[in-house]
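Step one of this worksheet: look at the structure below.
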Amino acid sequence: MMSDSHSDGTQPDMKQWVLEPETEYRFELDPDTSLAIKLAHGQAEVFGAELAEGKTYLFGTECRAAVFTWQGCTLEITGRPSTEYVSEETPMAAYANVHIAFEQMRVRALRVVHGSPASDDDANANAEPPRVLVLGPENSGKTTVCKILTNYTVRAGQNWSPVLVNVDPSEGGWAVPGAISAAPIRSPIATASPANPLGSAATSAPTALSSNALIPLSYWYGHSETKRNPVLLDRLIRNLGENIRQRDDDDLEARVSGLIVDTPSSFASSSGSAPDNRHTLIKACVDAFRINVILVVGHEKLTVEMQRLFGNRFTVVKIPKSGGVVELDHGYRERVHKYQLHTYMYGQKIDPPPGITSAIVGGEAVADLVLSPSSCVIKFGDLTIYRIGAENMAPSSALPIGAARMLSEMQPVLVDPASSSSGLLNSILALLAPFNPDESERYDEEILDLTVVGFLVVTSIDAPNRKMTILAPNQGSLVGKTALVGSFDWQE
Ligand SMILES: Nc1ncnc2c1ncn2[C@@H]1O[C@H](COP(=O)(O)OP(=O)(O)OP(=O)(O)O)[C@@H](O)[C@H]1O
């Protein structure tokens, strides 16, 4: 039920919505518009993150989302979404059941860590926490399912810190598009803008600013499409898995929170890459993250395929797709990449709709989310830049017959900024962690296994003077550092 309420004349666009239990208010925003939502009474959540009564939350940058209520609520909504409606059909009950099953697995795993006597059905073999791979076609709501399940886990009051893993390089996660990453989640992930689909991270903002700041671990793949270099993606997935395993070995209590892996839709699509390739990356995830549950979002055929492949080792479950998931077209996805980079450099800024004076964005005060990046001029020699995969450099038609195959997809190729074909102008660079200082520990392909410490953009190149201008969210010398370039560009 909806009613206009602008009798006070201050908020002409404010409407009140009364939601029945187990329904949700869905909205879509146009570019350059925002929406303010206040929970006036009752209980409500956005993709599993609860709203506090009386606080006003801002949404912007073409956000598409829903406010769901288990018990019913009244919302005061200010702004003009391009689409808004209430739906009584949601898959939330099914998702909550999945969450309850996972919660039981965590509790059982914790009991074993504490050495409590196992009950009859608590065979040790079953006492593993859920390590979940979420698969599904394009626009099935995979990321949203991951967010809901993660948020329910951290809200369970058991101090869980599940690791959320994003192996979808087109999504950006906490970093920028092109990266894959993982972060332990300790407080609910807010939704405010597609620029921060998994909540805001501490990679660019000083940690002190953001109370919900996450410290993700990232690797740079550099492209949005998984088929561009599946061999490299496979290796990076295994690197992420190896890192998480080390944490798990060091911290058994953290391990029992389990993990949730969001995947790209190409893992599920039957067009494009050959099925074998597709399964290669699914298998890489299953091995790397020691997956013991696969959730398939609304896709019968894939569920059967996965049951055939893994059904004898662990559970494969199909879960319903939400009717609220919005089809995101190519143009929208391109704009989101721009928003993500802009947010990485400048922080999150959403101007409230007219009439709203005090509001928060994803749990943070608006002013705390603004950053000022620094632009600096460096010498070509200061930074060493590589591109991974020699084949990306030249079309195979330009190479002698057979040569393309000899060039490895994993080979680091030095990029010369002085060359007019370097492709560096406006490129995004991933700044890498230092090589191992111990010479005896160094190895040929080490560069593939280095994590990312930050991202930069080359904003101008002055070849005659052998200098270039770099934009970065924070100052710091780049001398002697190594960076990787991929296929992402950004211009303001
Ligand atoms: N119940 C809902 N109501 C309104 N919008 C929703 C709902 N569920 C998801 N969305 C929105 O739909 C869009 C697509 O959802 P999501 O990103 O979860 O899908 P995906 O399957 O991960 O996408 P991709 O194709 O990029 O892999 C997002 O903008 C999300 O916020």
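Positions of Cβ are set from backbone N, Cα and C atoms, glycine also.
According to TrEMBL:
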BINDING   Glu24, Arg64, Asn139, Ser140, Gly141, Lys142, Thr143, Thr144  ATP binding site
DOMAIN    19-109  domain 'Clp1 N-terminal'
DOMAIN    136-347  domain 'Clp1 P-loop'
DOMAIN    371-492  domain 'Clp1 C-terminal'
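For Asn139 (ATP binding site), the same-chain residues lying six or more positions away in sequence with a CB closer than 8 A to its CB are Ser265, Val325, Val326, Glu327, Leu328. The DSSP breakdown of the domain 'Clp1 N-terminal' (19-109) into helical (H, G, I), extended (E, B) and coil residues amounts to 18 helix, 42 strand, 31 coil. Within the set Glu24, Arg64, Asn139, Ser140, Gly141, Lys142, Thr143, Thr144 that the record links to ATP, no two Cα atoms are more than 19 Å apart, and one pair reaches that distance. On the 0 to 100 pLDDT scale, the domain 'Clp1 N-terminal' (19-109) averages 94 in this prediction. Compared over the binding-site residues Arg64, Lys142, the count of CB atoms lying within 10 A of a residue's CB peaks at Lys142. The DSSP breakdown of the domain 'Clp1 C-terminal' (371-492) into helical (H, G, I), extended (E, B) and coil residues amounts to 20 helix, 47 strand, 55 coil.
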